[in-house]
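Annotation source TrEMBL lists repeat 'ARM' at 85-127, 126-168, 167-209, 208-245, 251-293, 292-334, 333-376. The compositional bias 'Polar residues' annotation in TrEMBL covers 522-539. Summarising the annotation, TrEMBL assigns region 'Disordered' to 522-548, 579-637. If you look up TrEMBL, you'll see 579-593, 615-626 marked as compositional bias 'Basic and acidic residues'. As annotated by TrEMBL, compositional bias 'Low complexity' applies to 597-609.
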Amino acid sequence: MGACSSCLKSRKSQAYEPLLLENEREAVADLLQYLENRTTTNFFTGSPLSALTTLSFSDNIDLQRSAALAFAEITEKEVRQVGRDTLDPLLFLLSSHDTDVQRAASAALGNLAVNVENKLLIVKLGGLEPLIRQMLSPNIEVQCNAVGCVTNLATHDENKTKIARSGALIPLTRLARSKDMRVQRNATGALLNMTHSDENRQQLVNAGAVPVLVNLLTSPDTDVQYYCTTALSNIAVDAYNRRKLAATEPKLVHSLVVLMDSPSLKVQCQAALALRNLASDDKYQIDIVKADGLTPLLRLLCSTYLPLILSAAACVRNVSIHPQNESPIIEAGFLNPLVDLLSFEENEEVQCHAISTLRNLAASSEKNKMQIVQAGAVQKIKDLVMQVPMNVQSEMTACVAVLALSEELKPQLLEMGICDVLIPLTNSSSIEVQGNSAAALGNLTSKDTHVSDEDYTPFNDVWDKPDGGMHAYLHRFLTSSDLTFQHIAVWTIVQLLESRDPELTRKIRESPLLLPSIQELAVSQPSSPNTYSRTQSDSLSEDGEGNGQEEITLLAKKIIQYANGDMDSDADLQGEVIHDRHASGRSTGERTRTPRAAESAASSVSRRAGGPLPGERHAELRRSVRDALGSYSGDEA
């Protein structure tokens, strides 16, 4: 503040004194005294604020400079919530034509804008208009301070839309190309803070910010890289924006892949998250692999730093959605790290991403399924599934259901004792876990017509245990109000009977629980909508609820025929509960992380990554059951 004090003292020279009004001379004298005792003076109220206000509204440009400099230094040392009586003189100074006054006033306003209440009041009092004018100034210092102030204002959600509609985005975009690194850093930080809502992101795209942000990914400045990467990650949340990026920014994926090798951990993390959001689309899933993105992703996945692990796992999960990427991911060495992450107890989201990726990788190829099992995935699932969070349980049981499609792996899975954990999980409090576990059991029971000596002893071993065994599980599903669960149960019983295993057949025939329930289903009429449909959708399935009930009735009649000893009346049912590939069966997701650029503590708004919603997964399960029965549908009445 020495400069400010000397500036004030110079005003007391004989040259200036005749030009000062009486109240201005008093204000100068008072302010000098207050500055001498600045450590004990509150400049935001009473006489000190009155002195600053008098100088601010003076017609004397030198006094305005002194007031602006004083405000800048005071707010540099102390920031608190202020009222209109403090902001009005500052906003008046912002409108000055003198660059020194502009520079100091915008610096002071930017300091005050760190306070949450001040952010709102500055915008409410019309602070955006003079700040926009200052962003258009040819003076670099004025530009820098004005943009810095807007950056701080943009960290408050209530201000974002007002800023987007104020006309600030075009000058911010222009200043992001500034040759001055401070201006560039502040401008890109402000643009990042404007990417938190759909409307603001669209305004940003319309202002031409995207090409600027993409070009700045190659900036030598780490902060600029971080702001631009995060802003593009948020912009890529919207499907429309991803299509536009795909059409106009051919270098984007390559630049982000390069940034995953940045010396900065936060840049690495945001680059992976940006690629993850882009990989919500098929094109980008392929492009990331073509750009050699798997190599740095694997390195991040094997990191010991949680944010890097999480961002890489989320990205690989989306990349694995595309069938063409399954083998490249496996060949790149991802299986063992993914299996290891199944036991990553520190973060269940990492576990979900890892198991969902394994499920995606298993979708198409028998070879891939075999490699996943050989990597220890099923054993790890068996060891962990009863203790992990419910979301992870759901993904793990879904993965087992896909692996159980493999005729080669079924004996191995049964020998590993996978039924010992699947059966208890059919009674989970989660409908998703129940359905996935039952689907896995159903797939394990399905009979291969080309193999005549399949061993069904494992199902005899678990008929009554654990937790009541297959017997209790099938009875629960037969008597469920959910059509899909009824469907799985009758289909599974048909598979068990078609095995022609004498002991299984006897147990089913002699069960006091199963046959009465099956007989009811054989004559039942369409019931009320199932649990998923009531909560998620007005329609039960693509084919309609009535068809689902008819198929259940038909299968129930089939079981009664078999139970009565007529095993040859019709061709065997073939198929699985869950097919190898279904569009909605692959795990997808978007995430937007939005760290605030100008605050000491970063904050974020996130979208949950993950697979289908419960209603979507229900529809998938029902469609797959119907698909599995497709060859039999011609026998329906």
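In case you wondered, yes, glycine gets a Cβ from its N, Cα and C as well.
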(message) Using a Cβ cut-off under 8 Å, which residues of the same chain at least 6 positions beyond either end of the repeat 'ARM' (251-293) come close to it?
(response) 214, 217-218, 222, 225-226, 229-230, 232-234, 236-237, 239, 242-243, 245, 299-300, 305, 307-308, 311-312, 314-315, 317-319, 321-322, 324-325, 328-329, 588-593, 609
(message) Going by DSSP assignments with H, G and I as helix and E and B as strand, what are the residue counts for the repeat 'ARM' (208-245)?
(response) 31 helix, 0 strand, 7 coil
(message) Give the nonlocal contacts of the repeat 'ARM' (126-168) in its own chain as ranges (CB under 8 Å, at least six residues past its ends).
(response) 87, 91, 94-95, 99, 102-103, 106-107, 109-110, 113-114, 116, 119-120, 175, 178, 180, 182-183, 186-187, 189-190, 193-194, 196-197, 199-200, 203-204, 596-599
(message) Cβ under 8 Å, sequence separation of at least 6 from the ends of the repeat 'ARM' (333-376): give me the contacting residues as numbers and ranges.
(response) 294, 298, 301-302, 306, 309-310, 313-314, 316-317, 320-321, 323, 326-327, 384, 388-389, 391-392, 395-396, 398-399, 402-403, 405-406, 408-409, 412-413, 580-581, 585-587, 609-611
(request) Could you give me the DSSP helix, strand and coil counts for the repeat 'ARM' (251-293)? (result) 31 helix, 0 strand, 12 coil
(request) Count up the helix, strand and coil residues in the repeat 'ARM' (126-168) according to DSSP, in that order. (result) 31 helix, 0 strand, 12 coil
